[in-house]
Every structure is written in C-alpha cells, then in structure tokens.
Amino acid sequence: MAKTTAAITFVTGNAKKLQEVQQILGQGFPFELTNRKIDLPELQGEPEDISREKCRLAAAEVKGPVMVEDTSLCFNALHGLPGPYIKWFLDKTGHVGLNNLLAAYPDKSAYAQCIFAFTTGPGAEIQTFVGRTEGKIVPARGPTDFGWDPVFQPDGFEETYAEMDKTIKNSISHRGRSLSALCAYFDTHKAELEKQLAA
C-alpha cells in the first residue's frame with residue numbers, strides 16, 4: 001500500500017520503542033510516521049485518561065496529527081499497581097525490586113497494557129486503542145535493555161518478552177494488540193483521515 005504524503009508524529013524519545021512500533025505497523029501503514037521527543041508532564045489517573053490528556057497536550061505542541069502511547073504493567077496481587085507508574089517503579093527499584101514487590105504474595109500474575117491515543121490535531125476528537133496481554137512476573141531473564149521485558153512472561157510461553165523472537169513478541173504483545181486495533185481504525189477511516197490530514 002502506498003503511503004500518503006501526510007505524516008503523523010509519534011511522540012517518543014525512545015529509539016527502541018519507535019523501532020518496535022515501526023516493525024509492528026509494517027509497510028502497509030498508509031501514513032508516514034515521524035517521531036519527536038516532547039517532555040510531557042507525568043500525569044496521574046486512570047490509564048485511558050492519561051493517554052487522552054497526553055495526546056491532547058502533544059497535539060497542541062506539534063500543532064498537527066499525533067500518536068502517543070502509555071504502557072502499564074499491572075500486578076493482580078497489588079490491584080493493578082504499578083500500572084501506568086511502571087517506568088518510575090522500574091527506575092527506582094530495578095528488575096529485582098519489581099519481583100520483590102510480589103515477594104509476600106503467592107499470586108505472581110500480571111498483565112501488560114498498552115494504550116495508543118491518536119488525534120488529527122489540536123481540538124480534534126481523540127481515539128484510544130487498548131491492547132492487553134496476560135502473564136506473570138518472573139526473575140529477570142534475557143537482555144535488560146528494554147524496560148521491564150525481562151520480568152514479564154506472557155501466558156502460554158516459557159520465555160520472557162526479552163527472550164522472545166521479536167516477530168513472535170510483536171504478534172502477541174500488548175503493544176502489538178493496541179496497534180492492531182489502531183490499524184483497523186485507520187483502514188476503516190482511511191479516506192476520511194487522508195482528507196483531514198491533508199488539510
């Protein structure tokens with residue numbers, strides 16, 4: 001599928017995340033994807049509300065179409081914590097600390113959730129796309145250069161995200177599922193979006 005000249009800014013300064021998103025979207029994504037690092041405030045609240053507000057703020061900064069992503073890692077024994085605050089928890093405690101949070105609990109189950117939010121520009125409607133993968137928290141295994149991937153083992157697999165072949169991971173991951181929903185929306189609304197993004 002040929003790409004239109006319209007570009008969507010994916011707000012991230014994380015090169016690995018950008019690479020993974022580009023791999024998942026593939027050549028069939030109808031719009032050019034650029035990226036930009038914007039220092040958005042660390043918001044508190046429910047994950048979908050955080051994504052919407054980040055998208056609104058990013059669109060105002062970029063003055064055009066944007067995509068933002070918010071990722072949560074939710075421990076069932078802790079009623080969903082760390083949730084959207086996982087980046088802060090990981091920075092402060094490391095992989096061992098994440099495991100230690102569950103040391104007193106027999107339930108190590110967790111789910112990874114990704115919410116992409118998209119808007120065509122400032123003041124326009126914001127669409128959200130939620131992807132979720134169930135799994136469990138395990139001692140870190142595999143490369144440690146991509147967030148909490150080494151401690152999350154998805155249900156039905158013996159490997160952590162960090163140990164998995166990237167193609168397999170992208171096909172079952174929370175991010176892959178969220179982007180699949182986003183792509184379905186873009187396919188359904190392609191003509192309408194092309195007009196809005198060309199304006």
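Numbering starts at 1 and runs along the chain as it is shown here.
Glycine is treated like the rest: Cβ placed from N, Cα and C.
What Swiss-Prot says about this one:
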- 12-17, Lys54, 70-71, Lys87, 146-149, Lys169, 174-175: ITP binding site (BINDING)
- Glu42: Mg(2+) binding site (BINDING)
Far apart in sequence but close in space: which same-chain residues, 6 or more away, have a Cβ under 8 Å from Lys87 (ITP binding site)?
Thr71, Gly147
Same-chain residues at least 6 positions away from Lys54 (ITP binding site) with a Cβ under 8 Å from its Cβ, in sequence order, are Val11, Leu40, Leu43, Val68, Asp70, Ala117
Taking only the binding-site residues Thr12, Ala15, His174, which one has a CA atom nearest to the CA atom of Glu42 (Mg(2+) binding site)?
Thr12
Same-chain residues at least 6 positions away from Ala15 (ITP binding site) with a Cβ under 8 Å from its Cβ, in sequence order, are none
What does DSSP assign Lys87 (ITP binding site), in three states?
helix
Conformational class of Glu42 (Mg(2+) binding site) under the three-state DSSP mapping:
coil
